[in-house]
Amino acid sequence: TLCVHSLYEEVKMLYALDFSRNAFNQPLFTNHTAFYANVTGSLSSESRERYHSLVSVQGGLHSCRQCTYVTKYSASMRRHLRKHTGERPFQCHLCPAVFNQKSHLARHIRTHTGERPYSCDVCSASFSEKSNLMKHMHTHTGKRPYSCEVCNTSFLQKAHLITHMRTHSRERPYSCDQCSASFSQKNSLVRHMHNHTGERPFSCDHCNASFSQNEKLSLHVSHYHKTNRP
């Protein structure tokens with residue numbers, strides 16, 4: 001079994017090959033080279049014809065025919081087109097996962113290596129993704145950049161603002177497929193589903209009782225196992 005360090009070094013060596021066949025699984029690599037570029041970046045006549053069927057090129061600008069995306073660079077457009085074609089040419093060397101962008105593969109690789117290259121300069125926290133470091137930094141600065149336009153409540157993370165906005169819109173996008181119940185938060189739906197499945201994942205440490213919801217476990221412990229107070 002490779003240690004984390006040697007595993008990381010192996011992955012870095014793999015990345016050094018860049019657009020070599022080692023970075024792709026064989027069927028995807030074949031499709032990739034047929035549609036896009038070879039290592040030098042040149043396109044075959046067949047690939048060029050297909051490219052222009054998907055992209056309009058005028059005045060040095062490449063415009064996607066499927067959406068409003070426009071760029072000056074053909075390489076950027078080829079990356080963009082994978083969103084429409086579904087092509088995922090970048091395969092993880094360590095598991096079957098595949099991705100449409102090399103940067104997404106690099107981010108995924110860290111789940112195997114445990115690498116956390118983004119470090120907080122205030123505390124010892126470190127992260128595998130830069131976006132998570134940026135979110136963490138708000139806990140030091142006190143900055144709450146996401147504000148509700150209805151009530152002015154502010155939040156550290158955009159996801160928290162989105163959840164909060166449902167208290168105003170009363171949107172309940174998470175629906176149970178077993179009954180008519182719907183919820184504003186996914187975790188509420190997950191808790192509700194335990195009522196249908198009979199799953200009781202929250203177990204009491206003091207007895208054999210188990211519960212479908214953590215709140216019910218807390219009530220049980222406070223009622224039956226409350227320690228004597230002085």
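Count begins at 1; order follows the chain as displayed.
Glycine is treated like the rest: Cβ placed from N, Cα and C.
When pLDDT is averaged over the domain 'C2H2-type' (62-89), the result is 90. Summarising the annotation, TrEMBL assigns domain 'C2H2-type' to 62-89 (among others).
Look at TrEMBL and you will find 90-117 (among others) tagged as domain 'C2H2-type'.
With DSSP states grouped into helix (H, G, I), strand (E, B) and coil, the domain 'C2H2-type' (118-145) comes out at 12 helix, 4 strand, 12 coil. According to TrEMBL, the feature domain 'C2H2-type' maps to 118-145 (among others).
The annotation domain 'C2H2-type' is assigned in TrEMBL to 146-173 (among others). Remark: secondary structure over the domain 'C2H2-type' (146-173) totals 12 helix, 4 strand, 12 coil, with classes taken from DSSP.
According to TrEMBL, the domain 'C2H2-type' annotation covers 174-201 (among others). Counting residues 6+ beyond its ends, the domain 'C2H2-type' (174-201) has Cβ neighbours under 8 Å at 163, 166-167, 210-213 in the same chain.
If you look up TrEMBL, you'll see 202-230 (among others) marked as domain 'C2H2-type'.
Broken down with DSSP, the domain 'C2H2-type' (62-89) shows 12 helix, 5 strand, 11 coil.
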